[in-house]
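J.: Just passing along the structure, written as structure tokens.
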Amino acid sequence: MTGFLVFLLGLAIGSFLNVVVYRLPRSLSLSHPRSACPHCHAPIAAYDNIPVLSYLLLKGKCRHCRAAIPWQYPVVELITAVLFFIVYYDKGLTVRLPLYLLFLAFMISIALIDIKTGLILDRQLMLMLGLGVVLNLLFPFIGWKEALTGMLAGAGSMYLIAFLGRMMLKKESLGFGDVKFAAVAGFYLGVLPTLAAAYIGFVLAFVAILVSKALHKSLPRHIPLGPFLAGGFFLFLLWGHEIGALYLSLVQPR
Ligand SMILES: [Zn+2]
């Protein structure tokens with residue numbers, strides 16, 4: 001039953017993240033005005049704004065002008081709900097569950113905005129850092145020293161990679177947004193998980209580049225790193241210990 005409620009919460013948060021991803025890069029308010037069809041500007045009634053269900057009932061079209069509703073909307077809602085459920089299923093109803101779900105919501109929205117705009121927004125990173133500090137004051141989840149060195153590790157490793165990339169490729173390989181993103185994630189994760197997550201993020205991005213090269217024969221001009229970093233940070237915040245233990249069991253001689 002609780003799992004079902006967490007799933008519903010995930011649908012609702014996913015719906016909110018759709019609003020964030022649409023409005024934040026355009027510097028629009030998140031709460032005002034109410035949701036409207038971007039095509040005919042008719043306000044969307046509450047009964048047409050139910051995650052996933054409304055999309056299915058309306059067959060993916062605006063009730064008023066029949067313009068197509070982007071399929072990304074229900075997909076983001078579903079993915080958020082499924083990930084929320086997985087986190088709850090694995091971690092249970094612990095005091096840390098809100099922290100995990102909050103972190104996850106940030107990772108999803110940062111990844112989506114980076115995919116859409118190629119940017120990681122300072123406003124979002126500042127909010128994520130501010131909430132991390134407040135949460136850690138109220139319900140400590142990481143030592144302050146570890147959090148601060150984690151920030152340095154995140155920023156430092158990204159900065160080093162940006163520097164090396166510029167030397168080797170003779171062009172900007174990653175943006176300063178990635179550096180700041182890794183610093184803020186480092187606050188939540190601490191030193192070693194941040195470095196490991198950044199490494200995993202780069203490996204995933206590299207694989208994605210190879211796959212897209214094999215499929216399209218040419219590279220898209222810009223591959224956003226944010227989604228891969230977000231995936232790595234999420235995995236390591238939740239399952240850093242398990243991944244570390246698995247790695248050690250693989251490299252240790254029998
Ligand atoms: Zn419309």
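Even glycines carry a Cβ here, placed using N, Cα and C.
What TrEMBL shows for this protein is this:
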DOMAIN    8-89  domain 'Prepilin peptidase A24 N-terminal'
DOMAIN    101-208  domain 'Prepilin type IV endopeptidase peptidase'
TRANSMEM  6-24  transmembrane segment
TRANSMEM  71-89  transmembrane segment
TRANSMEM  95-113  transmembrane segment
TRANSMEM  125-144  transmembrane segment
TRANSMEM  150-169  transmembrane segment
TRANSMEM  181-208  transmembrane segment
TRANSMEM  228-250  transmembrane segment
J.: Using a Cβ distance cut-off of under 8 Å, indicate which of 6-24, 71-89, 95-113, 181-208, 228-250 has the most pairs with the transmembrane segment (125-144).
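T.: Looking only at 6-24, 71-89, 95-113, 181-208, 228-250, the most contacts with the transmembrane segment (125-144) come from 181-208.
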J.: Do the transmembrane segment (150-169) and the transmembrane segment (181-208) come close, with at least three CB pairs under 8 A (pairs 6 or more apart in sequence)?
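T.: Output yes: the transmembrane segment (150-169) sits against the transmembrane segment (181-208).
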J.: For the domain 'Prepilin peptidase A24 N-terminal' (8-89), give the DSSP counts of helix residues, strand residues and coil residues.
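T.: Split by secondary structure, the domain 'Prepilin peptidase A24 N-terminal' (8-89) comes out as 45 helix, 4 strand, 33 coil.
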J.: Which residues, given as numbers and ranges, are at least 6 beyond the ends of the transmembrane segment (6-24) yet have a Cβ under 8 Å from it?
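T.: Tertiary neighbours of the transmembrane segment (6-24) are 30, 35, 49, 51-52, 72-73, 76-85, 88, 101, 105, 108-109, 112-113, 116, 121, 123-124.
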J.: I'd like the per-state residue tally for the domain 'Prepilin type IV endopeptidase peptidase' (101-208) from DSSP, helix first, then strand, then coil.
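T.: The counts are 92 helix, 0 strand, 16 coil.
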